[in-house]
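Just below is one structure, and these are the notes that go with it.
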Amino acid sequence: MKKEKAVVVFSGGQDSTTCLFWAIEQFAEVEAVTFNYNQRHKLEIDCAAKIAKELGIKHTVLDMSLLNQLAPNALTRTDMEITHEEGELPSTFVDGRNLLFLSFAAVLAKQVGARHIVTGVCETDFSGYPDCRDVFVKSLNVTLNLSMDYPFVIHTPLMWIDKAETWKLSDELGAFEFVREKTLTCYNGIIGDGCGECPACQLRKAGLDTYLQEREGANN
């Protein structure tokens, strides 16, 4: 894969930034694509742009505001509370988001001569999002190949690892401090360790604490 090109679906968060570093190591050329769907905090787009610029990665931002018109939710509406009731999809789930993002990433990838698409979706820390499942990604990969008669390969480096292992991967890639200090995971738009209270921050912190304990134990 070292001679090939990849497009990374990039939000500027922990997972997609780890995937960006993974792609940089795996491929000869990497581009990043970020989607503006009127998310709760526009800082996410700014954060992604800054990271891409710092890493020297060509970065494209695509307007997906139509998604907010079709599927208003807690990620795009400040007047909706972030909730997750047992047996129901989280209020942060955006219908069709990964379906559309990966489809548009594929269109871009073909235009720039890339076969490979990298995304940070994950089943292990499954948050109730059906479009983060491996079966969905594999199905969409086949559909995209058929729809454009092009041999795409969708890579999901985080699919079977948890948040602690994602921190470990960033460390192995030499990006641990970068990811910890410069990425935006927080639903409230606070870069780095975030607000510490929203579900995204809690999941991120739990994984970080577990990994740091494991790393300290391994060094003793």
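Just so you know, glycine gets a Cβ as well, placed from its N, Cα and C.
Going by Swiss-Prot, these are the annotated features:
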{"type": "BINDING", "residues": "PHE10, SER11, GLY12, GLY13, GLN14, ASP15, SER16, THR17, THR18, CYS19, LEU20", "note": "ATP binding site"}
{"type": "BINDING", "residues": "CYS186, CYS195, CYS198, CYS201", "note": "Zn(2+) binding site"}
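CYS195 (Zn(2+) binding site): 14 other CB atoms within 10 A of its CB, across all protein chains. Taking the mean position of the Cβ atoms of PHE10, SER11, GLY12, GLY13, GLN14, ASP15, SER16, THR17, THR18, CYS19, LEU20 as the ATP site, the remaining same-chain residues with a Cβ inside 8 Å of that point are VAL8, ALA48, GLY120, THR183. Here the CA atom of CYS198 (Zn(2+) binding site) lies 19 Å from the CA atom of SER16 (ATP binding site). Apart from CYS186, CYS195, CYS198, CYS201, the residues listed for Zn(2+), the same chain places the Cβ atoms of THR185, TYR187, ASN188, ILE190, GLY194, GLY196, GLU197, PRO199, ALA200, GLN202 within 8 Å of the centroid of those Cβ atoms. THR18 (ATP binding site): 27 other CB atoms within 10 A of its CB, across all protein chains. If you measure from the Cα atom of GLY12 (ATP binding site) to that of CYS186 (Zn(2+) binding site), you get 11 Å. Counting every protein chain shown, the Cβ of SER16 (ATP binding site) has 23 other Cβ atoms within 10 Å. Between the candidate binding-site residues, LEU20, CYS198, CYS201, the densest Cβ environment within 10 Å is the one around LEU20.
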